[in-house]
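Undergrad: Encoded as structure tokens, here's the structure I'll be asking about.
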Amino acid sequence: MSDKNIRCSFCGRTQKEVKKLIAGPGVYICDECVKLAYDIIEEEDSEEIEEENQEFVLPKPHEIKNFLDQYVIGQERAKKILSVAVYNHYKRIFMRSKITEDVEIQKSNVLLIGPTGVGKTLLAETLAKFLKVPFAIADATTLTEAGYVGEDVENILLRLIQNADWDIKRAEKGIVYIDEIDKISRKSENPSITRDVSGEGVQQALLRIVEGTIANVPPQGGRKHPYQEFIQINTKDILFIAGGSFEGIEKIVEKRLDVSNIGFGAQIEPKNRKSLTQILNHIIPEDLIKFGMIPEFVGRFPVVAVLEPLSEEALLKILTEPKNALVKQYKALLSMEGVEINFTDEALKAIVKEAIDKATGARGLRAVMEELMLDLMYELPNLGIKKFTVTPELVYNRNKISQDLLKKLAG
């Protein structure tokens, strides 16, 4: 066939009628047909994504917070911040085709700041439960950068994949909660010349997966080695929530506030009149950097929510009100044995008082309840007692419960 007679095998246009004509074994395709084929494939992919997204009904921020309210007592501001951040995160994913090219919506990873036992992990867990997305928890203190003894950051993603039943597409829209994130702060503000195995190096390793990358995950876990096969997962749509107590950061915030409010018109409250939460609500990225988080890592967590220490009243509500309240759980378990158990108001207050003494927030409630209920759940079904009331006496003597004491209190 002469050059003049060469035609596109698909549309029949001659070489002169098109910009390019690509030759294959016995066939030719023009640039316009290549573009058309590309557009068809793109459209089909887009339709598949839209079908996938239609299955996921994105709840509004109010609905998300209402669900959180059923499990998490208090923390109103944190729940509101988290609800909006999560809504925007998934809206960014599922409405991607409607976002104009000149706008780029940043990923809204979340940093939760608050003392131990105030509900940081529970908030993240409850969100994943409500949205029906895969969820994984990691402890930042067990992570090390590549080449050191410890856990690779990619193992976090392996847990997420496992919890998604090895469905990579589902895992790519999951939620990862990284606890104790403050424990990997570097030891000083200045970048260290020597290696910081548990601090800056881990932040750098996490940074890659948090900001969005194609990560290579070893399917068996453990360390990577050159001869194993990897699972590839795109992390750009995974929501990362990090939590930590950041003990001492309030001093950094106070120092900055005191300096910036010196002079005419200063309206800062005296230190003794400001609560820890009031101080922490003024946290800015520079405070986190001074604490020891690297600027790039701080920049990848644009949403910051501060959780308040739990008051006695809040602990009392946590004990009795949520769907998963400990009192409700133990009542349900004993009712299966035909035992009706009740707690006096004074007994509940005693449990809270004992939990406060442990200084571990809501975790203290579980510790006290487990100590109290161990012998009750062991003895009551065996004694044939059908109705029992827990009193403060029993709470304070929970490690000395005997059959005689139970019979006496039941009688």
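Residue numbering: from 1, along the chain as shown.
Glycine is treated like the rest: Cβ placed from N, Cα and C.
Grabbed the feature section from Swiss-Prot, which reads as follows:
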type: BINDING; residues: CYS8, CYS11, CYS30, CYS33; note: Zn(2+) binding site
type: BINDING; residues: PRO115, THR116, GLY117, VAL118, GLY119, LYS120, THR121, LEU122; note: ATP binding site
type: DOMAIN; residues: 1-49; note: domain 'ClpX-type ZB'
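Let's see these features in context: how buried, what's close, how far.
TA: Applying an 8 A CB threshold to same-chain residues 6+ apart, the list for CYS11 (Zn(2+) binding site) reads CYS30, GLU32, CYS33.
On its own chain, VAL118 (ATP binding site) has GLN75, LEU307, GLU308, PRO309, LEU310, GLY361, ALA362 as residues at least 6 apart in sequence with a Cβ closer than 8 Å to its own Cβ.
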Undergrad: So, in DSSP terms, is CYS33 (Zn(2+) binding site) helix, strand, or coil?
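TA: In three-state terms, CYS33 (Zn(2+) binding site) counts as helix.
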Undergrad: Would you list, in sequence order, the residues of this chain other than CYS8, CYS11, CYS30, CYS33 that have their CB within 8 A of the centroid of the site's CB atoms, where the site is the one recorded for Zn(2+)?
TA: SER9, PHE10, GLY12, ARG13, VAL18, LEU21, TYR28, ILE29, ASP31, GLU32, VAL34
Undergrad: Fewest neighbouring Cβ atoms within 10 Å: which of the binding-site residues PRO115, GLY117, GLY119?
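TA: Among the binding-site residues PRO115, GLY117, GLY119, the sparsest Cβ neighbourhood within 10 Å belongs to PRO115.
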Undergrad: Where GLY119 (ATP binding site) and CYS8 (Zn(2+) binding site) are concerned, what is their Cα separation in Å, rounded?
TA: 65
Undergrad: What whole-number Å value do you get for the CA-CA distance of LEU122 (ATP binding site) and CYS8 (Zn(2+) binding site)?
TA: 61
